[in-house]
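Q: Below: one structure in structure tokens.
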Amino acid sequence: MSYPKGTIVRNATVTRLNHWFTGLCFVLLTLSGLALFHPVFFWLSTLFGSGQWMRAVHPWLGVCLVVSFAGLFVQFWRDNLWNRDDTAWAKKLDKVLDNREEEVPPVGRFNAGQKVVFWGMVLIIPVLFVTGLLIWEVYFGDATSIETQRVAVLVHSMAAIGAILIWIAHVYAALWVKGSMRAMLHGWVTPGWAYRHHRKWFKSLAASGSPGPTPDSTAKFREH
Amino acid sequence: MADLQSQDYIRRSATNLTPPSVRHHELEVAKLIDVSRCIGCKACQSACMEWNNLRPEMEEFHGAYENPHDLNPGTWTLMRFAEYEDEQGNLEWLIRKDGCMHCEDPGCLKACPAPGAIVQYANGIVDFISENCIGCGYCVKGCPFDVPRISPTDHKSYKCTLCSDRVGVGLEPACVKTCPTGAIMFGSKDDMKDWAGERIAELKERGFANAGLYDPKDVGGTHVMYVLHHADKPSLYSGLPDKPHISALVGAWKGFLKPVALAGLAFAAIGAFVHSVVAGPNETTEEDEAAARRELSGKGKDAP
């Protein structure tokens, strides 16, 4: 993959593919999950062929999501560790929301909002997976007591709503902060984008002469 | 067969609008199972298989008279046998015909996510409309009596229909028709309660002081009722629930959570939109690019 001259690599090709596969699974799970959750959304089951097909496919999509998200976790966890910059950033959330980013303390590769999205999903997806297995009628319908399944289905629904709320914030932030969508679609950002939104990350790349996404990224990307 | 073109629904699963219900002038029916008259012959079980063309798989002997050992997709009613030693040291053989209770407030219907997969007719019968069933197993979680069973073959949920097809044309259910001792009766719910009252008075005269009718209130009453000699302890009869009710977990899942969740999602989406209108996009400026260039050249590094 080559990137336009003078740009910074925000997300490597593998990361981007991994991200969009996860996103596809998430969207399909949301559509089928909402159809199973509330009658006003049941018509969404048609997108999957029929209610029966939707019921059959939903758990398998969940399995795909867990595997795919594990890949994202491996690639992102280190840059999502919470530090003092994040606390300082979070305290200026009002300025962030008002697009006055020059008044907000600089942060590294991810800001506190992105980290909340990341750790929120890290927390919720395993809960969805485990409770989902418990209510996977075809394979595990007889594995646990009905009372256990009642708890599981309630927790599963609540966790799913939590995940969808986080997802709405995630998608909106990507639309709101211009250049983010390109960073995940095509992988690159302009130096100004990095300077404005993730100055410490930008400076660490500048100091090491790395093309991104991390200061120790190999120099082969520099050829672009 | 779909749903016999019903226009007498009082409830329809996963449906917010009033279902076709103009033909509501119907008697509420009930099946009355007089446990004290049952001899455990299983004729009802056979008649159920016969009428409904069910042939469940042959099972192995499980050390009890039950056969098969539990309800299954092809066994909609099952004789359950319990041996009970009473206070006087007498052995009592408590035989109960298990199956769908046709609750007035059906937990299965409340839990079902598929529109029209579970319906309740004006006569009180709770029926599964298989062509709408998606096989999710939510009815199993909703049922206070552990009755519905999902077929591993066609992934549809099955249970007693109270012979809704027979009742619809003025016949009594097959089990009622076949019972040789008159232990199973069928008629209007009021008549069945009156009949039960007479029978209970008789039982009390005979020394069963706690004889009574099982028509549990927490599910709004049922359209299958039992006359029990020990109505104070229904669980003696192979675990008939003492106080059956729709689980509070199911209530929270199907009641409170649905509107709250929808409101939360709508609030988040609208909030995002309003933010976009009010605050607008966050765009990288030419100053940012210039500052970034200065930073890169000032450090003597190549542009990355």
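Each Cβ is built from the backbone N, Cα and C atoms, and glycine gets one as well.
Copied straight from TrEMBL:
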type	residues	note
DOMAIN	B:29-59	domain '4Fe-4S ferredoxin-type'
BINDING	B:Cys38, B:Cys41, B:Cys44, B:Cys179	[4Fe-4S] cluster 1 binding site
BINDING	B:Cys48, B:Cys160, B:Cys163, B:Cys175	[4Fe-4S] cluster 2 binding site
DOMAIN	B:91-123	domain '4Fe-4S ferredoxin-type'
DOMAIN	B:124-153	domain '4Fe-4S ferredoxin-type'
COMPBIAS	B:290-304	compositional bias 'Basic and acidic residues'
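I'm curious about the neighbourhood of these features; can you describe it?
A: Within the model, the domain '4Fe-4S ferredoxin-type' (B:29-59) shows a mean pLDDT value of 96, rounded to a whole number.
If you take the C-beta of B:Cys41 ([4Fe-4S] cluster 1 binding site) and look for same-chain residues 6 or more apart in sequence within under 8 angstroms, you find B:Pro180.
Other Cβ atoms within 10 Å of the Cβ of B:Cys175 ([4Fe-4S] cluster 2 binding site) number 26 in total over all chains. DSSP assigns B:Cys175 ([4Fe-4S] cluster 2 binding site) to a helix.
For the domain '4Fe-4S ferredoxin-type' (B:91-123), residue counts in helix, strand and coil come to 5 helix, 14 strand, 14 coil, using DSSP.
Across the domain '4Fe-4S ferredoxin-type' (B:124-153), DSSP classifies residues as 8 helix, 5 strand, 17 coil.
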Q: For the domain '4Fe-4S ferredoxin-type' (B:29-59), could you work out the same-chain residues 6 or more beyond its ends whose Cβ comes under 8 Å from its Cβ atoms?
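A: Same-chain contacts beyond the ends: 65, 67-69, 72-79, 81, 93-97, 102, 123-125, 160-163, 166-167, 173-189, 192-193, 195-196, 199, 203, 208, 211, 222-229, 237.
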Q: Where among the binding-site residues B:Cys38, B:Cys44, B:Cys48, B:Cys160, B:Cys179 do you find the Cβ with the fewest other Cβ atoms within 10 Å?
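A: Lowest Cβ count within 10 Å among the binding-site residues (B:Cys38, B:Cys44, B:Cys48, B:Cys160, B:Cys179) is B:Cys38.
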Q: Check the Cα-Cα distances from B:Cys38 ([4Fe-4S] cluster 1 binding site) to the binding-site residues B:Cys48, B:Cys160, B:Cys163, B:Cys175 and tell me which is shortest.
A: B:Cys175
Q: Run through the domain '4Fe-4S ferredoxin-type' (B:29-59) and tell me, per DSSP, how many residues are helix, strand and coil.
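A: So the domain '4Fe-4S ferredoxin-type' (B:29-59) is made up of 13 helix, 6 strand, 12 coil.
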Q: Give the sequence-ordered set of same-chain residues, not counting B:Cys38, B:Cys41, B:Cys44, B:Cys179, with Cβ within 8 Å of the centre of the Cβ atoms defining the [4Fe-4S] cluster 1 site.
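A: Leaving out the recorded residues gives B:Ile39, B:Gly40, B:Lys42, B:Ala43, B:Met79, B:Lys97, B:Cys175, B:Thr178, B:Pro180, B:Thr181, B:Ala183, B:Ile184.
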